Amino acid sequence: MMSAASTNPEFPIATSGTKDIVLAFSGGLDTSFCIPYLQERGYAVHTVFADTGGVDAEEREFIEKRAAELGAASHVTVDGGPAIWEGFVKPFVWAGEGYQGQYPLLVSDRYLIVDAALKRAEELGTRIIAHGCTGMGNDQVRFDLAVKALGDYQIVAPIREIQKEHTQTRAYEQKYLEARGFGVRAKQQAYTINENLLGLTMSGGEIDRWEAPGEGARGWCAPRSAWPSEALTVTLKFVEGEAVELDGKPLPGAKILAKLNTLFAQYGVGRGVYTGDTVIGLKGRIVFEAPGLISLLTAHRALEDAVLTKQQNRFKPDVARKWVELVYEGFYHDPLKSDIEAFLKSSQAKVNGEVTLETRGGRVDAVAVRSPHLLNTKGATYAQSADWGVEEAEGFIKLFGMSSTLYAQVNR
């Protein structure tokens, strides 16, 4: 354990009296460790749990009781569902791109957690914020950059601090808590788990060892043996690129996504093993599950394909990839992100209509699209009939390929 006399400016020690500190708390191993660790260094720890849609009522109650059990001076739970829909899901779906073409940015609720923590700090009159991020991952970058962008705060990162002296930090945290009479849930011992409205990620254990994930590394998505035998079909309605109805029923966006999570998780949709480049240059490997978000992206992309022009569909992914990179790398409050979102919002003006999704397990397909803005021609059907003549088609082909034809003629 680190000495209370540490002078590391990143981890200030309250040596006289008690200072209020706000801890972004999830009830997991890392943030559970943070409470007694900070208390023993002279802090009154006020915990904030931002409920961004990954827990049920029973789990919320557990988190509240866990904070009290560990000795938190106060605890508040903040409803982050509407904020995560407006602040992340809408622009992410408009962008339609995963990080490095795969990962759907499932821990982007970190920025909303920061907002909740800073609001609580303002209520308490303190400028000291703590989080349970490690010194090797991306979350520390997202938390710290978001806090720095929003004001002059002191950031305390206990897990990052103990990693200077302990290589097996999770084992150390567990022993630390058990030595003080606090139990640790079994799954917390093996994996780092993040859950929210967007989906679920797991790391640790065999995942970090580049081995096949065991059955314990499974959260929402049912295994193949448990998939229903009947196909699932749902219809989503979009207005200006935003999902507003599910199967004909108007619902708030966050509730639509929550229902899609439940429906498509039964069929194992949206589960993957992802290896990518982290912000700090390491390779990161996780299991992720995002049944609702993947289904929503599939429907939205099908509608865009049908109503946007060829040039829009060609150009938008380039801009979208930059937006995804900014969010992934911690630049959530950079003005370029807002600039890109203005373009993405503009591109959605005609993205209106209904899309029917279908799954029989493992993947989801958009099987029907209806929109008043479909870019089809009454007199033309792809590869079958058209309202232009053969001569017009031949002339178009000649002009369209003129540059390549001339090059070939000159260089034969």
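Backbone N, Cα and C atoms are what each Cβ position is placed from, and that goes for glycine too.
Not measured: the values here are computed from a predicted model.
The ATP binding site feature in Swiss-Prot is assigned to ALA24, PHE25, SER26, GLY27, GLY28, LEU29, ASP30, THR31, SER32, ALA50, GLY132. Sequence annotations record features per position, and here Swiss-Prot assigns L-citrulline binding site to TYR103, SER108, ASN138, ARG142 based on sequence analysis. According to Swiss-Prot, the L-aspartate binding site annotation covers THR134, ASN138, ASP139.
Under the DSSP three-state reduction, TYR103 (L-citrulline binding site) is assigned to strand.
Within 8 Å of the centroid defined by the CB atoms of TYR103, SER108, ASN138, ARG142, the record's L-citrulline site, lie the Cβ atoms of TYR99, LEU105, LEU106, VAL107, ARG110, ASP139, VAL327, TYR328, GLU329, excluding the listed residues themselves.
Counted over every protein chain shown, other Cβ atoms within 10 Å are most numerous around GLY132 among the binding-site residues GLY28, GLY132. By a simple count of nearby Cβ atoms, those within 10 Å, the most crowded of the binding-site residues SER26, SER32, SER108, THR134, ASN138 is SER32.
Excluding THR134, ASN138, ASP139 themselves, the residues of that chain whose CB lies within 8 A of the CB mean position for the L-aspartate site are, in sequence, CYS133, MET136, GLY137, GLN140, VAL141, ARG142, PHE143, THR278.
Nearest in space to TYR103 (L-citrulline binding site), taking C-alpha to C-alpha distance over the binding-site residues ALA24, SER26, ASP30, GLY132, THR134, is THR134. In the three-state DSSP scheme, ARG142 (L-citrulline binding site) falls into the helix class. Largest CA to CA distance in the L-citrulline binding set (TYR103, SER108, ASN138, ARG142): 16 Å, whole number. Within the same chain, residues at least 6 positions away in sequence whose Cβ sits under 8 Å from that of ASP30 (ATP binding site) are GLY132, CYS133, THR134, ILE159, GLU173, THR192. Our reading of the ATP binding annotation (ALA24, PHE25, SER26, GLY27, GLY28, LEU29, ASP30, THR31, SER32, ALA50, GLY132) yields a largest Cα to Cα distance of 17 angstrom. Cβ-based neighbour count (10 Å, all protein chains) for ASP139 (L-aspartate binding site) stands at 21. Cβ contacts within 10 Å of ALA24 (ATP binding site), excluding its own Cβ and spanning all protein chains shown: 25. Nearest in space to ARG142 (L-citrulline binding site), taking C-alpha to C-alpha distance over the binding-site residues ALA24, SER26, GLY28, SER32, is ALA24. Taking the C-alpha positions, the distance from SER108 (L-citrulline binding site) to SER26 (ATP binding site) comes to 15 Å.
The DSSP secondary structure for SER32 (ATP binding site) is helix.
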